[in-house]
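Peer 1: Dropping the structure in here first, questions after.
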Amino acid sequence: MASLAVETGHQEIHDVERNGHAEKAQWVLNAPEPPSLWQELTGSVRETVLPHARRFPTFKDKGSLSKTVISFLHAIFPIFCWCRSYKATNFKNDLLAGLTLASLCIPQSIGYATLAKLDPQYGLYTSVIPPLIYAVMGTSRDIAIGPVAVVSLLLSSMISKLVDPEANPIPYRNLVLTTTFFAGIFQAAFGLFRLGFLVDFLSHAAIVGFVAGAAVVIGLQQMKGLLGITHFTNKTDVISVMEAIWRAVHHSWNPHNFILGCSFLTFILVTRFVGRRNRKLFWLPAIAPLISVVLSTLLVYLTRADKHGVMIIKHIKRGLNPSSVHQLQFNNPHIGEVAKIGLIVAVVALTEAIAVGRSFASIKGYHINGNQEMVAMGFMNILGSFTSCYVATGSFSRSAVNFSAGCETAMSNIVMAITVIISLELFTRLLYYTPIAILAAIILSALPGLVDLHEAYNIWKIDKLDFLACAGAFVGVLFASVEIGLLAAVTISFVKILIISIRPGAEVLGRLPETDIFCDVDQYPMAAKNPQVLVIRVKSGLLCFANANFVKEKIMKLATEEEEGSKGKRTPQAVILDMSNLMNIDVSGITSLVELHKNLASSGMELAITNPKWQVIHKLRVANFVTKVGGRVFLTIGDAVDACLGAKMAAV
């Protein structure tokens with residue numbers, strides 16, 4: 001009688017546990033349907049355009065319409081958020097930062113325009129409209145907008161293959177402006193439709209290698225201005241550039257240009273060294289390029305050095321940005337290539353700008369909205385293409401100056417743009433005698449900051465595949481072309497993703513002593529496995545056509561090894577598949593699970609799944625997979641193990 005009572009008590013406990021497991025399993029199985037793809041897309045757009053829309057869902061309440069309009073304006077134009085608390089002390093700091101920024105921006109913009117193979121005034125135009133638009137729509141307080149070296153090189157190297165900038169300067173300029181329009185369209189689309197992940201395909205490691213390779217190529221190309229070479233190659237690979245320099249050194253170079261350029265390059269680098277040693281002198285390296293332009297221009301004018309072979313800028317068109325809407329070439333036979341170049345430039349420009357913005361935001365402790373940044377960059381380049389600007393983005397060197405000068409808000413960009421406007425109206429004639437060697441020296445002085453050897457070494461230490469992407473981008477840019485370098489970096493990054501996704505790992509889990517926590521037995525040797533139950537977790541966020549068969553074979557191999565290694569012990573009666581990592585599944589993934597269930601059943605083992613995510617359990621129910629496995633779906637691994645260790649697997 002006593003034994004019967006004990007057995008009855010045990011049976012009641014098992015029944016209670018079984019009922020508890022069944023109730024928890026129903027929580028999983030009876031979850032509502034997840035949002036459809038259309039709902040997710042429309043929700044993403046709504047959150048981008050109206051991030052605070054949930055606070056004002058209807059117009060029934062009094063004043064809700066005005067609140068929604070205000071929310072919309074704050075989302076699209078962040079300037080309305082920070083301008084309400086803007087004070088005179090803020091403006092004082094922004095005024096100083098903007099003026100300091102302009103002193104660096106003006107000579108750099110002229111130099112980068114020549115690097116893009118455009119007339120000098122286009123660099124100044126690009127430092128007017130885009131910064132003004134970004135100040136209204138951007139979310140970063142520190143980023144400085146304008147032309148940059150890498151984007152200028154991209155444009156000149158890729159568009160020069162379509163139109164020769166020296167033989168046909170006007171058609172070349174029109175294609176640059178059209179490329180700018182397409183770049184803006186792509187950037188705005190990335191932000192509006194939350195496609196920022198496309199930018200992430202250019203990984204941090206790839207960008208480090210690409211920028212370093214571009215810096216070397218840009219530096220070598222500046223030898224044309226530094227040596228006073230009249231005819232130079234349009235190719236960007238290091239071998240072609242070195243051959244052009246070697247031929248020029250033996251024939252047509254001018255030592256006066258070289259002496260002048262090297263002298264002021266030394267001056268700029270010395271001021272930078274002094275500024276780094278003494279933080280209070282941050283303004284010295286910022287204004288050094290402008291001082292170099294003024295002094296070298298005076299020197300050439302007073303000595304008439306242009307009569308002795310020193311190459312000068314000559315005429316810079318005076319006045320504000322002219323309209324360029326009629327110059328956009330949408331009927332050009334190269335329009336497909338131009339759109340492709342626009343996409344590449346858009347991704348590179350966004351990657352650089354967002355990296356710069358996030359760097360300084362993390363230092364000051366505020367947040368930037370990545371999607372809003374893309375929208376702001378897109379609109380500033382679209383409108384820039386209508387006003388004689390080429391592709392603008394965030395410059396690291398100028399942003400560092402802006403940060404060091406104590407900027408408070410994006411007002412510093414407005415101050416800078418106004419200063420450039422004044423320069424375009426009043427001072428362009430004074431730049432007639434500015435030597436081209438000085439522009440080359442200014443560009444060369446900005447290049448050391450683009451080659452980050454320390455970061456490349458860190459990438460090597462942390463991840464060898466990432467370093468391979470870094471090296472591939474560097475070598476591709478250096479020895480082939482800019483687009484080949486980008487292609488190499490993206491290809492290596494894709495291969496890395498494919499290796500990880502196609503051949504994901506699988507880990508056997510065990511229970512940590514005196515807990516209900518299950519962990520990888522290789523990482524935690526103290527975790528105990530139960531010989532009757534094999535718990536496996538797939539290390540992948542997606543079970544799809546690319547990796548489904550590999551995952552199935554991996555699980556069967558683990559189950560077979562467990563069975564063969566039992567050595568007389570009880571073989572596993574069940575395989576529990578932990579789906580906590582799995583974010584989604586497709587038809588191929590479900591088919592592989594069905595085959596896995598059949599293979600395990602033929603070996604005398606049952607399959608159970610635990611903790612499937614919302615999208616996953618919905619698709620498994622629609623495919624009737626839950627019925628095929630006898631309803632063995634559990635909320636936690638502990639529930640599944642307890643059910644398996646019972647007299648019989650509980651059917652839910």
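In case you wondered, yes, glycine gets a Cβ from its N, Cα and C as well.
Just so you know, TrEMBL annotations never went through curation; they're auto-generated.
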Peer 1: Any idea which of 74-98, 399-423 is down as transmembrane segment in TrEMBL?
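Peer 2: Comparing 74-98, 399-423 with TrEMBL, transmembrane segment matches 399-423.
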Peer 1: Going along the chain, which residues at least six beyond the ends of the transmembrane segment (341-361) come within the CB cut-off of under 8 Å?
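Peer 2: Apart from its flanks, the transmembrane segment (341-361) reaches 139-143, 148, 150-151, 154-155, 158-159, 178-187, 190, 198-199, 201-202, 204, 207, 210-211, 367-368, 370, 373-374, 377-378, 381, 391-396, 399, 403, 483, 486.
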Peer 1: If contact means at least 3 Cβ pairs within less than 8 Å, sequence distance 6 or more, would you call the transmembrane segment (430-451) and the transmembrane segment (175-195) in contact?
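Peer 2: Stretch pair does not touch.
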Peer 1: Per DSSP, what is the helix/strand/coil residue tally across the domain 'STAS' (540-644)?
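Peer 2: Its residues divide into 54 helix, 16 strand, 35 coil.
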Peer 1: Between the transmembrane segment (201-220) and the transmembrane segment (373-393), are there three or more CB pairs that fall under 8 A, provided the residues in each pair are separated by 6 or more in sequence?
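Peer 2: Between the transmembrane segment (201-220) and the transmembrane segment (373-393), which are separate recorded stretches, there is no contact, as judged by 3 or more close Cβ pairs.
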